[in-house]
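Student: Per TrEMBL, the features are:
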type    : residues                                                                     : note
DOMAIN  : 3-208                                                                        : domain 'Aspartate/glutamate/uridylate kinase'
BINDING : Lys7, Leu8, Ser9, Gly10, Gly50, Arg54, Tyr161, Asp164                        : ATP binding site
BINDING : Gly49, Asp67, Thr128, Gly129, His130, Pro131, Tyr132, Phe133, Ser134, Thr135 : UMP binding site
Amino acid sequence: MRRVLLKLSGEALAGDKKTGFDEDTVRRVALQVKQLLEDGIQIGIVTGGGNFWRGRTSEAIDRVKADQIGMLATVMNCIYVSEIFRSEGMKTAVLTPFECGCFTKLFSKDRADKYFEKGMVVFFAGGTGHPYFSTDTGVVLRAVEVSADVILLAKSIDGVYDSDPKINPAARKYDEISIDDVIAGNLQVVDMTASILARDNKMPMWVFGLNETDSIVNTMKGRFSGTKVTV
Ligand code: UDP
């Protein structure tokens with residue numbers, strides 16, 4: 001693996017608080033990413049925004065405007081996570097698909113490549129830059145654009161199950177499942193738009209639990225206990 005994209009949901013950044021940031025959680029991620037960088041792996045990060053905003057809260061708010069707020073939430077998240085990474089000695093860049101003045105730099109493939117080659121952690125904030133999409137689609141899109149080898153989906157659940165393990169105690173976790181089966185079974189690894197984009201562009205996704213100790217490093221070092229979504 002030369003280049004990977006790591007997706008952190010907004011909820012994951014909040015830890016047990018469920019909203020805002022949990023510094024200890026983010027620092028644990030930072031220390032793991034640092035180890036991978038030292039092994040020569042290039043890392044891009046996409047965060048969700050759900051710790052601040054989950055789209056429309058009422059009919060009074062236009063969907064497009066609500067989604068813009070969501071995209072801005074992901075920018076806040078990336079700036080925060082990037083700062084924690086910097087405090088651990090890493091170099092970072094935050095790229096957005098829209099101008100945020102001097103807060104971020106505008107995304108382009110060339111710019112991302114340049115930062116990756118310099119050993120920086122590249123944050124892809126602001127999702128796709130368009131309403132009616134999600135950061136799931138954002139991470140697949142960026143992974144395809146920058147030719148990542150795999151997407152690491154660090155979740156609150158430790159893999160892909162055939163039914164919801166919170167509801168069904170007999171739910172079975174897959175070690176491996178094809179993206180076609182994910183789509184056919186509507187298994188919600190990522191949303192449907194993102195699943196189709198991953199299928200059409202042959203982008204594998206590895207799903208694992210963020211809360212397990214050293215799960216990101218273990219995943220990259222072959223000690224994987226989640227689910228591999230194959231393409
Ligand atoms: N969003 C959007 N376009 C994008 C990405 C995100 O409109 O390309 C908005 C959308 O409103 C979404 C919110 O940003 O609900 C936060 O993203 P997401 O729900 O993916 O965050 P997560 O649930 O992973 O924390």
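Backbone N, Cα and C atoms are what each Cβ position is placed from, and that goes for glycine too.
What TrEMBL says about a protein is an automatic prediction, not a curated fact.
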Student: Checking the binding-site residues Lys7, Ser9, Tyr161, Asp164, which are within 10 Å of Gly49 (UMP binding site) at the Cα level?
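Tutor: Ser9, listed in sequence order.
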Student: Check the binding-site residues Leu8, Gly49, Gly50, Ser134, Asp164 for any whose Cβ is under 6 angstroms from an atom of ligand 1, and report them in sequence order.
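Tutor: Near the molecule: Gly49, Gly50, Ser134.
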Student: Can you name every residue in this chain, apart from Gly49, Asp67, Thr128, Gly129, His130, Pro131, Tyr132, Phe133, Ser134, Thr135, with its Cβ inside 8 Å of the center of the Cβ atoms of the recorded UMP site?
Tutor: Gly70, Met71, Gly127, Thr137, Gly138
Student: For each of Gly10, Gly49, Gly50, count the other CB atoms within 10 A of its CB; which of these binding-site residues has the top count?
Tutor: Gly49
Student: State the Cα to Cα distance, in Å, between Ser134 (UMP binding site) and Arg54 (ATP binding site), rounded to an integer.
Tutor: 10
Student: Can you give the mean pLDDT for the domain 'Aspartate/glutamate/uridylate kinase' (3-208), rounded to a whole number?
Tutor: 96
Student: Taking the residues Lys7, Leu8, Ser9, Gly10, Gly50, Arg54, Tyr161, Asp164 listed for ATP, what is the greatest CA to CA distance in Å, to the nearest whole number?
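Tutor: Largest pairwise Cα separation, rounded: 24 Å.
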Student: If one looks at the chain holding Tyr161 (ATP binding site), which residues at least 6 apart in sequence have a CB under 8 angstroms from its CB?
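Tutor: In sequence order, the residues whose Cβ lies under 8 Å from that of Tyr161 (ATP binding site) (at least 6 apart) are Ala171, Arg172, Lys173, Tyr174.
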Student: Just name the most isolated of the binding-site residues Leu8, Arg54, Thr128, Ser134, Asp164, going by other Cβ atoms within 10 Å of its Cβ.
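Tutor: So among Leu8, Arg54, Thr128, Ser134, Asp164, the binding-site residues given, the one with the fewest Cβ atoms within 10 Å is Asp164.
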Student: Distance between Gly50 (ATP binding site) and Tyr132 (UMP binding site) at the Cα atoms, whole Å?
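Tutor: Rounded to the nearest whole number, the Cα-Cα distance is 15 Å.
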Student: Find the shortest Cα-Cα separation between His130 (UMP binding site) and the binding-site residues Lys7, Leu8, Ser9, Arg54, Asp164, and name the residue that gives it.
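Tutor: Result for His130 (UMP binding site): the nearest of the binding-site residues is Arg54.
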Student: I'm trying to understand the geometry here, so how far is the Cα atom of Asp164 (ATP binding site) from the Cα atom of Tyr132 (UMP binding site), in Å to the nearest whole number?
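Tutor: Answer for this pair: 26 Å between alpha carbons.
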Student: Judged by the number of other CB atoms within 10 angstroms, which among Lys7, His130 is the least packed of the binding-site residues?
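Tutor: Looking at the binding-site residues Lys7, His130, the Cβ with the fewest others within 10 Å is that of His130.
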